[in-house]
Amino acid sequence: MSAECGEPGHEGLQGWSPGPGGHSGAMGSGPCPSPSTPTPWSLPRWRAYVAAAVLCYINLLNYMNWFIIAGVLLDVQKFFQISDSNAGLLQTVFVGCLLLSAPVFGYLGDRHSRKVTLSLGILLWSGAGLSSSFISPRYSWLFFLSRGVVGTGTASYSTTAPTVLGDLFVRDQRTRVLAIFYICIPVGSGLGYVLGSAVTELTGNWRWALRIMPCLEAVALILLIVLVPDPPRGAAEKQGVVTVGGPRSTWCEDVRYLGRNWSFVGSTLGVTAMAFVTGALGFWAPKFLFEARVVHGLQLPCFREPCNSQDSLIFGVLTVVTGLVGVILGAEASRRYKKVNPRAEPLICAASLLAAAPCLYLALILAPTTLLASYVFLALGELLLSCNWAVVADILLSVVVPRCRGTAEALQITVGHILGDAGSPYLTGLVRLGGWPGSREEVHLKAWRLVWWARQTQPVSSADLQRPAGCASRLLPAALPQPSAELPVLRLRYRPGWWLLPADCTAPGERPGPGPGPADRDPRQQGRAQRGHGEPMPAS
């Protein structure tokens, strides 16, 4: 077979099968199309690497924008008064719009200028992200809509950018470049958490995180227009000789061809399973860690903005570090092992996913018992998941003919999101309403006791907190049920600076505001006077 028919694929995978409309790939048995006029196309190597660097930078911003809301989720919920199930719907709307628009951008990327498609996508998601930072809390539905528009813009980049890299590099070079490109998924996600939490800490307003991103994206748009070429499709495999004027297959023919490509179908199902896990994990992990620290008594519940964003920062750093190591480890293992075993890529993906499952399970189960072990297993799970990003992309580019790669990326994204992370954050939010750990009643009682623990040293009863002008309705989330039994009178330890209740929420005989109360002078006598003589003394 001549060089114009493409490069050899991986022997153990299906390789390129004949393309739609009878056009062959690298290993296809169908006839090669008769070339029209061969047109030489070449690009200096340094230009190709500069273009790859720009595309990696934009991919970093893409995933920062994707997960920046998860980094400030507690503040967003307080600002718009959103429940956990509706908060999960934020990510579902984002991913739903992404998957609906991905086939459209895949079609455009295979048939029209990919540079124009990428530019329009950046304009769309940056404009929607900036405008969402000015939405009033009365119009929460507009915020949901803006996240959907951001998802639509993101689809243009996710479907088109990898195909540009596939036409600039080939073989080992492509594997390395794709590894760097897909490092931006976990690193960008982690930086999204870090940026959101850091900006919220500095400004006291989570919306400034959304206003900083468009400045970085404007720089990215200029770099894209100036430095990134739009290479002819299949230019790298054809070693600079591009066939022009050949027959163009229809979109339906492309889809039928991909449906018969079992390597593509199998890798897409694997990506779908991985997307289901990473979607829920990426959206809810910061809040999960926050509530784990609340249960351990290391953190107070969040009742008003701004919420403590330390857990988003920790999870962001974990995601960045494990993503860097995982993507490089997976890509390098694939590159070396496939010299020995041609089925190296699917074997590495399967092994890493199977190993990640028990790690993530243990991270969830051990969180109420030991936070350190939970963090360790969470980091291991993220590391193993990150091993897949570059490898699955290399599989797609290796088994699909160049002229169908945009459609293949779009279909893989669409299927992966429909059955994966489009619903997993929302489903997790619904499941979370059942309570963690234990029942909703248990979580509620823990929250009450932590509020009391943070108060001044004075006896407080449930009747004090539940009086008509009292504190319960102002401090505890309305969605939590009232305790079924009378709460015991607890003696609380005074911790300077840990005042949480409003000044008017004091028991009879107490002085309002922070500071030691009468119980500091003689706590046992004060407790007896408050309780009466027939009640037992609670533990200090």
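Numbers run from 1 along the shown chain.
Glycine is no exception: its Cβ is also placed from the backbone N, Cα and C atoms.
Going by TrEMBL, these are the annotated features:
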COMPBIAS  18-28  compositional bias 'Gly residues'
DOMAIN    51-458  domain 'Major facilitator superfamily (MFS) profile'
REGION    1-34  region 'Disordered'
REGION    505-540  region 'Disordered'
TRANSMEM  48-69  transmembrane segment
TRANSMEM  89-109  transmembrane segment
TRANSMEM  116-135  transmembrane segment
TRANSMEM  141-165  transmembrane segment
TRANSMEM  177-196  transmembrane segment
TRANSMEM  208-228  transmembrane segment
TRANSMEM  264-285  transmembrane segment
TRANSMEM  313-334  transmembrane segment
TRANSMEM  346-366  transmembrane segment
TRANSMEM  372-397  transmembrane segment
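Residues 66, 69-70, 76, 82, 117, 121, 143-145, 147-152, 154-156, 158-160, 163, 251, 279, 283, 406-411, 413-414, 417-418, 421-423, 425-426, 429 of the same chain lie 6+ residues outside the transmembrane segment (89-109) yet bring a C-beta within less than 8 angstroms of a C-beta in it. Contact between the transmembrane segment (208-228) and the transmembrane segment (346-366) is not supported: fewer than 3 Cβ pairs lie under 8 Å, counting only residues 6 or more apart in sequence. Comparing 48-69, 116-135, 313-334, 346-366 for CB pairs under 8 angstroms to the transmembrane segment (177-196), the maximum falls on 313-334.
Of the two recorded stretches, the transmembrane segment (346-366) lies close to the transmembrane segment (264-285), with three or more CB pairs under 8 Å once pairs fewer than 6 apart in sequence are set aside. The average pLDDT the prediction assigns to the domain 'Major facilitator superfamily (MFS) profile' (51-458) is 82.
Panel annotation: around the transmembrane segment (264-285), residues 14, 67, 70, 73, 88, 91, 95, 189, 258, 315, 319, 346, 349-350, 353, 356, 360, 378, 381-382, 385, 388, 392, 395-396, 399-400, 408, 411-412, 415-417, 419-425, 427-429, 432 of the same chain, lying at least six beyond its termini, place a Cβ under 8 Å from a Cβ of the stretch. With a cut-off of 8 Å between Cβ atoms, the residues of this chain six or more beyond the transmembrane segment (48-69) that come close are 76, 90-91, 94, 118, 122, 125-126, 129, 147, 150, 154, 157-158, 161, 164-165, 168-169, 177, 180-181, 183-185, 187-189, 191-193, 195-196, 209-210, 213, 216-217, 220, 223-224, 227-229, 282-283.
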